[in-house]
Structures are given as structure tokens and as C-alpha cells.
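Undergrad: Below are the features listed in Swiss-Prot for this protein:
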ACT_SITE  178  active site, proton acceptor
BINDING   64, 66, 97, 113, 138  S-adenosyl-L-methionine binding site
């Protein structure tokens, strides 16, 4: 007699939720690679961050859904042409991730570890002297299940994203950064408040209710 394990039950429940998720269905219909596109879309529509003609850096970009959304924002007349929107691109997108993903027309992709100084140097070279209007970060570490260790890993990625933004953003630029509620969250909010003139915590509707995932948006760098 076979007994179903708890993990199998959990996996089946997750799969059922995923299949029936309205954002998963919408992503499939509209040609996005992942439902995550709607998280950035909701943040952008609420705050008006992304505009044609900008330079945007997408950190933790794989599988490319956020870059797809950015691509469509920079070519709005081509929004219905599929995942890798075609047409004239009014803006620049530089994407970075440890994992590779299928190319998106007009998106410059750098594969590498954000912790690696050589990779950061390559990213800085790609940006050049123009500076960046918006940095979006969907980076998340591989979680171990050990709360203290996971909190430290999450905090490090957020701190690195803030440091990168301080180096490359225009004074009125913005940083969108994924964080998680739990140990260390209040310290990350304080970090944003120290570095940005306006700080907006947002949990998009596309973020699952059961998830501790949320986003911090910092707008306008403070003078240091």
C-alpha cells in the first residue's frame, strides 16, 4: 500500500493553484514568459516609473518576463505582437542574471553573478556614461529554510542592489526591489529611507497571497 507523502500533496496543491492562477492564464494569453510580468506592470501603473526613452537595468532577469514588459513599454504600438515585442525600440534595456534565457529583441543580456566584481564591471561598461533611469530587481537567493541564513542572503542582495542604484541612477531615478516580510524587513525599509527621498512599499495583486514577497520602491536619491 502506497502512502502519499506530505511533499507530494504540497506539490500537487501548488500545481493546481498554478494551473488555475488567473495571472498564469493571462501571461500565456499575452505572450509573457512568467506571471511575474504583472507584478512590475502593477507597480509601474501605480507609480508611473517606466517611460519611453529611458535606460533601465533589469537585475535577476530570468526568464525574461520583466524585460518583456519593459520592451513593450518602450514600443507600445507593438504590445500585441508576442513575448519579444518587435518594432522600433525607444529606450534601452540591460538585463542581468546568473541563468541564461531566450533572447529578447532589443534587450542586452549579461549572464553572470551579481556578487562578482568582474560581472559588475561588465554591467557598468554596458551602461556607459549615460546613467540609468530605473533599476528593477527581482533577485532572490536560493533559500535554505533556515530563517537567519535566508534573511542574511536576502538582505545582501537588496543591499547590493541599493549600492548599484546609488552608483548608476540619475538623481531622480528609481529602484524597484523584491524583498520578503520577516526578519530583517524593517531594516531594509530603513535602508531605503536613508537612501531615497520617497519610499513606497508595494505588494502587487499578482504576488500570491500566501507569499511573503513584497517590493520596495525608492524614488529620488538623497545627497550623501
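Glycine residues also receive a Cβ, built from the backbone N, Cα and C atoms like all the rest.
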Undergrad: With a 10 Å radius around each C-beta, find which of these binding-site residues (97, 113, 138) has the fewest other C-beta atoms nearby.
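TA: Sparsest of the binding-site residues 97, 113, 138 by Cβ contacts within 10 Å: 113.
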Undergrad: Run through the Cβ atoms and count how many others sit within 10 Å of the one on residue 178 (active site, proton acceptor).
TA: 22
Undergrad: Between the Cα atoms of the residue listed as 'active site, proton acceptor' and residue 138 (S-adenosyl-L-methionine binding site), what distance do you get, rounded to the nearest Å?
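TA: The separation of the Cα atoms works out to 5 Å.
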Undergrad: Over all pairs within 64, 66, 97, 113, 138, the annotated S-adenosyl-L-methionine binders, what is the largest Cα to Cα distance, rounded to whole Å?
TA: 18
Undergrad: What is the Cβ neighbour count of residue 66 (S-adenosyl-L-methionine binding site) at a 10 Å cut-off, with all protein chains included?
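TA: Neighbour count, Cβ to Cβ under the 10 Å cut-off: 28.
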Undergrad: DSSP three-state call for residue 66 (S-adenosyl-L-methionine binding site): helix, strand or coil?
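TA: Once the DSSP labels are grouped into three classes, residue 66 (S-adenosyl-L-methionine binding site) ends up as helix.
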Undergrad: Kindly assign residue 178 (active site, proton acceptor) to one of the three DSSP-derived states: helix, strand or coil.
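TA: Once the DSSP labels are grouped into three classes, residue 178 (active site, proton acceptor) ends up as strand.
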